[in-house]
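Note sheet for the following structure.
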Amino acid sequence: MKKFNDWLEKHNLRNIPTLIVVVAFVLFVFMTIAFLNHNDEDSSTIYITEDAELRTGPSAAYPEIHSIDKGQNFHKIGKTGKWIEVVSSNNKEKGWVAGWHTNLNIQADKNPNAKPLKDKTIVLDPGHGGSDQGASSNTHKKSKEKVYTLKTAKELKALLEKEGATVSMTRESDTYVTLDDRNIKGDAYISIHNDSLKSSKANGSTVYWFKDNQKALAETLSASLQKKALLTNKGARQENFQVLRQTNVPAVLLELGYISNPTDEDMITEKLHRHIVEQAIVEGLRAYFSE
């Protein structure tokens, strides 16, 4: 006790008002430091620490809504991987921003050249085949769906293998495979088709999913197709297809254009355009497995 009294005497703190001022100052310094260092991921308000982009979904594959400037703040409403779902203070705009552009101290991937598809098993299912030709066009080309789903799958397989993925195919030639036999396990399952209607006006691509664990893959691939491909994008939709229903892995069914539409048919049958679509699928898979 004597030592404490001596310490108070030495620092002239026996005066109660002086002691109160010192304590208040210490508390102020402590609270200021705590505020400046605050980066709790559970905080409802986030701050943009460098110029960034607000996107429609949780990856760079999703379309950009608009750019956002350093210093802006948003309310945090969700989080997927390293991406934060935000809404503006006036609730007028909503989207996703990369966490490494915020005060949440989320680190960007250290190696941007890493291959997220390395050692992943991707199942490619070229629709139809053999006696089941699928849809066909009414133009002079008389294009058959089974031919171009297989071409697309083979070309896509080569691109995915360059990314380090292992690719399994439900068919590799013009053979008929039952829907039950198409149920092959992998890290992702992609069934490839072309759409068709009696009307030649219908056009565009659609990505279908059925189970909850398939939705994120569908939305990511749809966003990548919208960003890269020339086909009209109809988005990601839920549908009870058997190939999606019978598997427990993330799976999608891609309708890559209407073979009944002459413009879409040209894009389906031209290798250069197929390559653009295939590259969009690869980029979508990269984005999906990066999260």
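Placed from the backbone N, Cα and C atoms, the Cβ positions cover glycine too.
Record features (Swiss-Prot):
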- 1-40: signal peptide (SIGNAL)
- 41-105: domain 'SH3b' (DOMAIN)
- 109-146: region 'Disordered' (REGION)
- 122-286: domain 'MurNAc-LAA' (DOMAIN)
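Each residue of the region 'Disordered' (109-146) gets a DSSP state, and the totals for helix, strand and coil are 2 helix, 10 strand, 26 coil.
Outside the region 'Disordered' (109-146) by six or more residues, the chain places 152-153, 156-157, 160, 163-171, 173-177, 182, 184-196, 200, 243, 249, 259-260, 262, 265, 268-269, 282, 285-286, 289-290 with a CB less than 8 A from a CB of the stretch. Residue counts for the domain 'SH3b' (41-105) by DSSP state, with H, G and I taken as helix and E and B as strand, are 3 helix, 32 strand, 30 coil.
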